[in-house]
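Visitor: Just dropping this structure here.
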């Protein structure tokens, strides 16, 4: 992935489209870490292979024949980006300080959270090593996922 570092995102998206390669644009996503208005924030980026996790409301029925998936952070590999698809109506955060510390220890490249995050000051402690983007960057939560949402699928793409 290092070979694309420095290429403007619009140029990269155009090239992927012309080559008929898969690319995705996430509308409404903004960096949560690095800390907004910092020098690091102005040059932040995410480059890496996606490691996906999908969440559903805790009240949603899950087939009992399927075991629960592993914690998506525990299965991250070096250089991967955690991509979380959260249950949109749940009030909880999907990523915070403890998960960030674990992801950094595993040398993951960053996180893209379709949902809220929490523990922003803790996330900023890792801003040099682990950029985080959220679709709910302006709407944090103090609530963890337990009781509100559950992970229903984990896998790399």
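Backbone N, Cα and C define each Cβ position, glycine as well.
Annotations for this protein, taken from TrEMBL, read as follows:
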type    : residues            : note
BINDING : 96, 97, 98, 99, 118 : substrate binding site
BINDING : 119                 : Mg(2+) binding site
Visitor: If you measure every Cα to Cα pair among 96, 97, 98, 99, 118, the residues listed for substrate, what is the largest value in Å?
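Guide: Greatest Cα-Cα span of the listed binding residues: 10 Å.
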Visitor: Tell me, by DSSP, whether residue 118 (substrate binding site) is helix, strand or coil?
Guide: coil
Visitor: Say we define neighbours as other CB atoms within 10 Å of the CB. Which of the binding-site residues 98, 99 has the fewest?
Guide: 98
Visitor: Can you grab the distance from residue 98 (substrate binding site) over to residue 119 (Mg(2+) binding site)? Cα atoms, rounded to a whole Å.
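Guide: Spelling it out, the Cα of residue 98 (substrate binding site) and the Cα of residue 119 (Mg(2+) binding site) are 9 Å apart.
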Visitor: Compute the centroid of the Cβ atoms of 96, 97, 98, 99, 118, then list the same-chain residues not in that set whose Cβ lies within 8 Å of it, in sequence order, for the substrate site.
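Guide: In sequence order, the nearby non-listed residues are 93, 95, 100, 101, 117, 119, 122, 123, 144.
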Visitor: Going by DSSP, give the three-state secondary structure for residue 96 (substrate binding site).
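Guide: It is coil.
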Visitor: Quick one: Cα separation, residue 97 (substrate binding site) versus residue 119 (Mg(2+) binding site), in Å?
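Guide: Here the two Cα atoms lie 5 Å apart.
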Visitor: How many whole Å apart are the CA atoms of residue 119 (Mg(2+) binding site) and residue 99 (substrate binding site)?
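Guide: Answer for this pair: 10 Å between alpha carbons.
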